[in-house]
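Taken from TrEMBL as is:
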TRANSMEM  28-53  transmembrane segment
DOMAIN    46-294  domain 'G-protein coupled receptors family 1 profile'
TRANSMEM  106-125  transmembrane segment
TRANSMEM  145-167  transmembrane segment
TRANSMEM  205-229  transmembrane segment
TRANSMEM  241-265  transmembrane segment
TRANSMEM  277-296  transmembrane segment
REGION    316-338  region 'Disordered'
Amino acid sequence: MSPESLQGGNLSSPTSFLLLGFSSAYKAQVALCLGFSLIYLVTLLGNLLIMNLVWLDAHLHSPMYYFLGHLSFLDICYSSVTLPKILKDSFSPQKTISFVGCITQIYFFLCFGGSECVLLAAMAYDRYLAICRPLHYAALMSKKVCHCLVAVSWLSGSFSSLIQAFLTAHLHFCGSNVINHLFCEVPFLLNVSCSPNARLNKAVLYALAGTIAMGSFLLTLMSYVHILWAVLQKGAGGQKAFATCTSHLTVVFLFFGAGAIAYLLPHSSTSKEMGKVLTLLYAIITPMLNPIIYSLRNNEVQGAIRKALHRVLSQSSTKDTGRAAEQPLPSPCMERGC
């Protein structure tokens, strides 16, 4: 669009956007719908299981698992922002989303994503205190400190997403409302915008995302540098303590690595379909894998799962025994047929 037409007042905001998504072939849509449904089901069940275990099991009432419970709640919210809409659009002939719905999706997606970045950094700080300063751990990581760290993660994610959603809502699109993506995300809206403020929005986006994402990652990295140094000094005892960090470290590399590849890799070097796959990795796959990673790599979580299963099985067997005891014995008259 020419500068003259921009100055002439032809800027406008569409009432809705058209999301292209993946292939429109029927068989492909069926496969995608089944795959996304399975991913969402596993995400919900896995994270709800972690939350219930942390809530009910007394052995998991520690700062590390307190943060893990909040991480599971964030993962449920994070995937629920996008996956239900993607599932709804699977068989829809026109994958549309209203302008207000698009801005709302951007706000919550960035809010939960930013909050998870800061929370992962808080979890790394917790492991640093537990391994490097064990004698002062109880005082430094008190309940009040845990609540403050969780509050900071939520507030930082909310504040950053509010600014980005506000700026995105004031973009103009010159009648172009086609987004070649699975859901509303700021970089893809900037690509179709012809607003003079698009460059400002992009600068603010990368500044805020860099501050929260890179800041959280650097704090996490610094914590693990100190942890590794302490482990090397302690020898075998330190290696046993470091085993509690492997699950968190795996989640950190999955979440930050996938996000960095999707945002920092030049779009010209990757196909549009590959960009959507990378987005799925950090927006949908990672929330599903987090509870699986913590379940497979953590002995305390495995023990809590075994105890919960044993409790459920014992309760069901007790109920069956009680029902059998309540059944009346046949009378001699009934046996003789009188």
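Note that Cβ sites are derived from N, Cα and C of the backbone, with glycine treated the same way.
Just so you know, TrEMBL annotations are computer predictions that nobody has curated.
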Take the transmembrane segment (28-53) and find every residue of the same chain, 6 or more past its ends, with a Cβ under 8 Å from one of its Cβ atoms.
22, 60, 68-69, 72-73, 75-76, 79, 83-84, 86-87, 90-91, 284-285, 287-288, 290-292, 294-295, 301, 304-305, 308
Spatial neighbours of the transmembrane segment (145-167) far in sequence, C-beta under 8 Å, 6+ residues away:
63, 66-67, 70, 103-104, 106-119, 122, 125, 186, 197, 200-201, 204-205, 208-209, 211-212
